[in-house]
Amino acid sequence: MSKVAKYRRQVSEDPDIDSLLSTLSPEEMEELEKELDVVDPDGSIPVGLRQRNQTDKQPSGSFNREAMLNFCEKESKKIIQREMSVDESKQVGRKTDAKNGEDKGSNASRKALGPRQDSDVGKEPKKGVLKKSFSRDREEADSRGSEKPKEEKVIRGIDKGRVRAAVDRKEAGKDGREERAAATTKKEEEKTGSVRNAGLSRDKDKKREEVKEPSKKEEVKLTAENRSTVGRQEDGKQKESREDRDKKPEVKGIGCGSRDSRKEDEKVKKEETQPDKGVREEGKTREKQPPSGPSKPSDGQARAEEEAAPSIFDEPLEKVKNNDPEMTEVNVNNSDCITNEILVRFTEALEFNTVVKVFALANTRADDHVAFAIAIMLKANKTITSLNLDSNHITGKGILAIFRALLQNNTLTELRFHNQRHICGGKTEMEIAKLLKENTTLLKLGYHFELAGPRMTVTNLLSRNMDKQRQKRLQEQKQAQEASGEKKDRLEVPKVGALPKGSPKPSPQPSPKSAPKNSPKKAGVPAAPPPPPPPLAPPLIMENLKNSLSPATQRKMGDKVLPAQEKNSRDQLLAAIRSSNLKQLKKVEVPKLLQ
């Protein structure tokens, strides 16, 4: 019995299900049968193929074969153009290197043969030989002049290829959406496309070989021509030297003419090398110009932000400089347009400010220059109590400069410099711990020490500073209470030393004799000491402090003991018995109930 048969029996037994099935259309019945159809697993069929394919979907758009082929052709053309441009640039570089090497070789050969010709300057050469040398020089100049336009044409071709590649990229960007919609191809058409691409790649290889062959031929020709010209020059020079040796020096003017001809040849060569350098420089500038285009708007934005920043921070800067009483806090946290120059100006303005107590510049890209300016400001400023330097670019040098300035500052109580771009390191942490030993006012330090040693020492130093601040507060309270008690005593002293009611009132005009009599009495008799002040409240404060520092259990025990001081009659009797002797006690008869 299969599962389907069992399910059908259950369905037939249930009348409600039968009625539901009767209402279904034939299409719905087919779907239901497909879902209920359970096939026994076959071991020979892979697991992924045992179920029916539930991922079959209809194509979202129609396939355009022509668009696909056009796209493949454009892409192959772009690749060919890129490779051609790269090959041409390499060939131009090789040609220029070969020319430079030939020029160096010719210059060296001329230098070697120069002293021989100079030694034979006084001798008279033939006119035909001179004409031949001039004609050869002209031919070399003409050949080099013809090579220049060739190189310029090659460079122009490279630039044209780059322009075409840029235009093709723009066209490809416009047509990209249409081509992406048509990119869903079938397997057969993919095969045809791959075959065509293979054919195009073969065409590319052929073109490369064709381009390389003429380039190699040109290089071989150039080397052969250079060798032939060098050989001709050497032969002509040898002939001239032989003829000069045979003849005697008759005229000296001819030697001067040969020198002038050499100078002219050198000038011509220099002029030929200069345009080559100019062509190279133009190529470099063209390569550098394209990236400079998109950088212009970014430079303009940066300049606009720098110009806008001073306008935003001008008012607070003026308030800080003018010591405005309302300006008690300078907060420039997370400002994008602020620069290090503006931060330095703020610190310079705060140097002589006596109102601002909080200076916060977190996440403002402040560097060591700002840190050094803050250190100078802390040495002079005696009002700032909080400084926030979180999330900046300050290094260990700037932080140590700030801590050295704290040795001369006794007002800063909070300093935060966590999450800097550069890690402080163990050395700076040790230096911070050493410098904090001499500071007694810093109470809060916003930094997580990586080393355990400096971390423990700094926590102990901060707790020490907290205790010192608490002791100072207590002393100030005592002094204030003592001052208030002295004022009360001064007010009560005249009442004690007042005259009795029956004594006559002194006259408004004092007698002249009374002054000299009173002065010796005051000098001889010591003044009466002031009465002792009343008991002060500090003991109560100390008791409260003791209670606050003692644990709760001891306080409860103490509270319970206090009411026990009032003794009952029984306690009094027991105390009397303990203090009495046996002689004082009287014998008492035992009561009858206890007998």
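Backbone N, Cα and C define each Cβ position, glycine as well.
Noted from Swiss-Prot: of SER62, SER135, SER194, SER484, the annotation phosphoserine belongs to SER135.
What Swiss-Prot records as phosphoserine, among SER12, SER89, SER386, is residue SER12. Of the candidates SER85, SER201, SER391, SER548, Swiss-Prot records phosphoserine for SER85; the remaining residues carry no such annotation there, which does not rule it out for them. Comparing SER25, SER550 with the features listed in Swiss-Prot, the residue bearing the annotation phosphoserine is SER550.
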